[in-house]
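Inspection log for the structure reproduced underneath, given as structure tokens.
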Amino acid sequence: MKKVNVEVCVCTQCVLNGAMHIIESIESLKKLKVQLRLNTQVNITTCTNLVEGTHPDISPVVRINGDLIENADSETVMERIIAMGLPAKS
Amino acid sequence: MKGIYTPVTKIRRQIFQEIAKLAFEGGDYSRIEDIPYKIIPGEIATYRDSVFKERAIVGERLRLACGLDVRPADKHAPISQGIEESAIDELVYEPPLVNVIPFACEACPPKQYYVTDNCRGCLAHPCVSVCPVKAVSLKDGKSHIDKDKCIKCGRCAESCPYNAIVKFERPCAASCGVDAIESDYLGRAKINYDKCVSCGQCLVNCPFSAIADKSQIFQLVHALKEGKEIIAEIAPSFVGQFGPLATPQRVKDALIQLGFSDVYEVAIGADLGAIAEAEHYVHGLSEEQPFMATSCCPSWSVMAKKFFPEIAHCVSTELTPMVATARIIKKEHPNARVVFIGPCASKKLEALRRTVRSDVDFVITYEELMGIFAAKEIDFGQIEDAPEMEDATGGGRGYGVAGGVAGAIEAVIRERYPDVEVKIDRAEGLFDCRKMLTLAKAGKRKGYILEGMACPGGCIGGAGTIEPIKKAAAAVKKFADEAEHHVATGSDYIGELPEEHEHK
């Protein structure tokens, strides 16, 4: 089973800018395991140290398996997680 | 749509943050003219036909956030008109509270049923057979609805095997439980203020962000800057609203960082209300007052008074938790100003009532407060040794979730009067609240406690909330369970109750 680690910044600015909805949308993927043929374990962690200091211009920020996404939104985050969970194309 | 972060949510929150920032920075407030360019950058429109219009709409929203009035498109006036006069440390308010920005409204057509491309013109065409007014017929091989005849009963849509007939509704009107959304001469939404009870559901449900309520953040920030004694009272539904790091204790600390001198839980007043209403239920019901309706939700109680005047006297006259708590604060701190922080648009009006005006000085929502926190760059993760919150019981702390008010009252009755049978009915959302009161008016709720909540899920579904309803409900319950006492009678403030509510 593949593992995807998603870190979501939950600083004040990121919560205001929709971080909690991003977390909801990641959790919602569990319900689509069959449709998506996902065989992935998604670990969600919340933190505030993805980037140094306050970051109003790039909020919300999310890191997926080490890759930082600035100005993240739910659709991009879901797409990236699913792309990582799919079997590699041969 | 509630609970989903959309561009509408984004703009609304950006505005709160920018207005708070503007007020904290002070200086020349004509800078407000620059904010639309920050929120809507570039030359290309994103959501509407032109970038100029997008900015003009943001401009009106900025005015509403400062407590100023919204202007029609035929008046030339800068956004900053009146802002210097509104930059004061006390409430600025001209009715109405909830406003349609006319030129932001897309003039969605009113409720109707129509046939989509899914229609295959089938042999059975049950849509025709079920129509009671012969409005549906087959025309050119497809089902056709005669709009002049249609009574919008929806039977054709229910019967179609292809889901080809759909109901179209204006989201603002669909969310309005008191049918207050009408149309102006251009078909744009217009609020009938004789019916409106300011629940604020239309403003969170309009997908074009054309409706907004007036905010008091601009004046509140000025008051905080003055450094006078200002005390926050925070409604029971606050738990979990500000993100996973913002524990109730940290929220209290963050408010003190903003300049509040103390923070009280509104659940204190809820505890007292639950006890008073329990006593009233046990001793006060009669032929003239056959049931007791709860009083805490202002949209619900105003709706009862406007639409059911015959039974309005059955709404409890006990102080709402906001007012009861504010009075305790003013007794303990006679010179302090009180700010109610809650989920609710309607409380902004309740605080303006003649009998309440001297108790509550400002009302802001969680979403507006979060904008202030962000403007001040308050970081919940940095807060250590947050002060304890040991104000209220589990009963009062549960008030923000549907069922929690009646539950708290019932718990008091069970404790004090174990032999009394308690009958409860409850409704959430003003549609269902009206249905419940219709039954009560017909004499079918004798001996009941009726809990009415104007918003879906209770206060946690209010217009000014941030978190999705389910998560918020879990957070509120957890905090209620942590309380030292679980029944409202365990309140430290029980001595504040008038004598007639003592256990008889």
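Positions of Cβ are set from backbone N, Cα and C atoms, glycine also.
Heads up, TrEMBL stuff is auto-annotated, nobody curated it.
Among the features that TrEMBL reports, domain '4Fe-4S ferredoxin-type' is placed at B:110-140, B:141-171, B:187-216.
Packing against the domain '4Fe-4S ferredoxin-type' (B:110-140) from elsewhere in the chain are residues 146-147, 149-170, 173-174, 183: each is 6 or more residues past its ends and has a CB under 8 Å from a CB in it.
Residues 1, 108-122, 124-135, 181, 189, 205-207 of the same chain, all 6+ positions outside the domain '4Fe-4S ferredoxin-type' (B:141-171), place their C-beta atoms under 8 angstroms from a C-beta of that stretch.
Across the range of the domain '4Fe-4S ferredoxin-type' (B:141-171), the DSSP-based residue counts are 6 helix, 8 strand, 17 coil.
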